[in-house]
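> Heads up, here are the entries from Swiss-Prot:
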type	residues	note
BINDING	C17, D36, Q44, Y49, I89, F124, D289, T330	FAD binding site
Amino acid sequence: MSEAIKTDVLIVGAGPCGLFAVFELGLLDVKVHLVDILDKVGGQCAELYPEKPIYDIPGIPMITGHGLTESLMEQIKPFDPQFHLGEMIETVEQIGDPGFRVTTDAGTVFECKVLVVAAGGGSFQPKRPPVPGVEHYEGKSVHYAVRKMDEFRGKDILIVGGGDSALDWTLNLNPICKSMTLVHRRDDFRGAPHSVEQMRQLVASGKLDLKIGQITALQGENGQLEGATIKLNDNSTAQIKCDAMLPFFGLTMKLGPVANWGLHLENNLIPVDTGTFETNVPGIFAIGDINTYPGKLKLILSGFHEGALMAQKAVKYVYPDKRVVFQYTTSSTSLQKKLGVN
């Protein structure tokens, strides 16, 4: 087991509610690490509707999911939160009163005084491609996220998909791989136009092999890919060499391992105390779409409110002997100093 990362608070989920919770906790001198199964911050805003307008953020008539994420990241910059992306919490073990040892599927271990679940509707789980036997290669040579780019250096990479994730990793990994093949079922891509243009430039320069069709079979031994068979749209067949495959077929939402953490659940949601947003387990809080209480509205602004109240209770676990005086950022010079305001 790797050495534990010690932090005051660990937040599960780096969507808008998790990010704003960093701000509220930071004002109280609470240090935060965040874990998210996605490979980028922003949660549903970044993954499902980055360019979709949002009209119900107070004081902002219209902002996109991407724009909101960028603004929140700028707002929390003074507090230097640490992000662990592309990882999913697997186990939560109580080690104090309160205190928790938390382990991710990547083997990262945290020890925290407070755990905040801000996981939206649950964990985004990658959709498995409809290729026979693909599960035998998962985790060794078939990957649904890129955790460390250097692991793909010098490899023959096969990327499958036509959205932003497929295009982004095509562009990012192309300079370091030995060879790269991009497979999509049609010659029409859903990603950002600029990314599509850059991808086609790689094809034109011979740095990327674009195949229009579908993967029908994989070849390899002991979990290590060696090649793939592609049925092209003209009904011909292509055989390619590959030792790493990245399929991007979208995501589904599942509750995931949260169900095994000893929390009370109601219809796959976590009931909370509306004064503190604490769960039935002392020291574990739930904010945002993952929680439930009478009158709950699944709005981003509701999650912001919940994060503010959560922080006022969480700080008492972090600093049990410290008297916390509520202050306003408009008038408190100490808070303004933390924010870097002159």
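Cβ coordinates are placed from backbone N, Cα and C, and glycine is handled just like the others.
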> Would you mind listing, in sequence order, the residues at least six apart from I89 (FAD binding site) in the same chain with a Cβ closer than 8 Å to its Cβ?
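Long-range Cβ contacts: V12, V35, V102, T103, T104, P257, V258.
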> Look up T330 (FAD binding site) in the DSSP assignment and reduce it to helix, strand or coil.
coil
> Cβ distance under 8 Å to C17 (FAD binding site), same chain, sequence separation 6 or more: which residues?
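For C17 (FAD binding site), the qualifying residues are G43, A118, G120, I287, G288, D289, I300, G303, F304, E306, G307.
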> Give me the long-range Cβ neighbours of Q44 (FAD binding site): same chain, 6+ apart, Cβ under 8 Å, in sequence order.
G15, G65, G120, G121
> Got a sec? Which of these binding-site residues, D36, D289, has the most Cβ atoms within 10 Å?
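Answer by Cβ density within 10 Å: D36.
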